Amino acid sequence: MTGWTSAVSAGRPGRARAADGGAGRTGRRGRAGLRTAPVALRRSIACTVLGALLVAVAVVALGSGPVALSPSRVLEIIGHGLGWGSAEVTSAESAVIWHVRMPRIVIAALVGAALATSGVVMQGVFRNPLAEPGVIGVSAGASVGAVTALYFGLTAISRWLLPGLAFLGAMIAVTLVFAVSQLARRQVTATLLLVGIAVNAFLGSIISIMLATATTEEDLRSITFWLQGGLDARTWDHVGLVLVPILAVCGLLMVFGRDLNVMVLGDDQGRATGVDVARSRIVMMVLAACVTGIAVSVTGTISFVGMVVPHALRLVLGPDHRVLLPASALGGAAFLVLADLVARAAFDPVSLQVGVVTSIIGAPVLLLFVIRNRRTVL
């Protein structure tokens, strides 16, 4: 049993050292730190801190740009828009906050929460803290759908065809992975992982063909920008498209914390505790695939959020998924809003794609995690 699995075993429900236990249990007094605190306390502290971080980063991001605004001024404008304040606000300031920056930041928060929550689920299902949402072809499928819309000029018919085809591509890719795994008469994680790798490679080759045969520079640029992941020109219409689905699916995934704790221990031990491991695995993977498909359909492929954020929080909060799921949602939201802020401000007046920034931040951080925790993450 790996160190990561052993840690989950130490914190799973029903055991003598369960994280739900009171602070006065035998042996508890000698253990210090957030990782060993009761589940309810860890969850409350984590959500409070990460929620405050999200709000702080969002306020700074709202004030950053060609029209710079102080955090206090941003709060005055928001209060005025909600009818809570008496401060004088110009129409230009109101338009910048409410119609240009706010939709972009809300999309960033929703997508970050979706990718990080999906990442927690994938890491639990595959029993590998370095797994990520694209492991079963979701991101590659969405990319093929979106690139198809751009390649054939379908966005001229309707701008909603791009996110629609991206989501459809994600679902087709996931269905293909499960179908091939079923043909092999096995849906264990190793089979799903191998099939996912093959499907990712196949879909990647399709994207390469379309990139190589793009007829105009504009098509090539549009495809490249989408594949890098970005939040440019996002409006309240995009928010309305993904708000309810992302919140609903993430909410459903939150109830699987105990099942994930048990699943990490292995299928046999999971069944011994009364959990239908096969059914829970399929349901969680389908939900994770759906929320990832919804997210990338409006932003493009954004790497490392679903891998780095859950793993970083696991090192701080411990392996209990009842804590990790809500914490990762808030942490992922804050991380992607911060990454978008860096993308807009670091090379002003040039704006980078947010997917480029997440890769720049995520790759070194991931390598650091692997080096420092090589005995437990590999």
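Here the Cβ of each residue, glycine as well, is placed from N, Cα and C on the backbone.
The model shown is predicted, which means the values in this text are computed figures rather than measured ones.
Residues or ranges marked as region 'Disordered' in TrEMBL: 1-30. Annotation source TrEMBL lists transmembrane segment at 45-65, 105-122, 134-154, 160-180, 192-215, 235-256, 282-304, 324-343, 350-371.
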| note | Checking 45-65, 105-122, 134-154, 235-256 against the transmembrane segment (282-304) for Cβ pairs under 8 Å, the most are found for 105-122
| said: If you count every Cβ pair below 8 Å, which range out of 105-122, 160-180, 192-215, 235-256, 350-371 shares the most with the transmembrane segment (324-343)? | reply: 105-122
| said: Three or more CB pairs closer than 8 Å, sequence separation of 6 or more: does that hold for the transmembrane segment (235-256) against the transmembrane segment (134-154)? | reply: no
| task | Answer with yes or no whether the transmembrane segment (350-371) touches the transmembrane segment (192-215) by the criterion of at least three Cβ pairs under 8 A, sequence separation 6 or more. | result | no
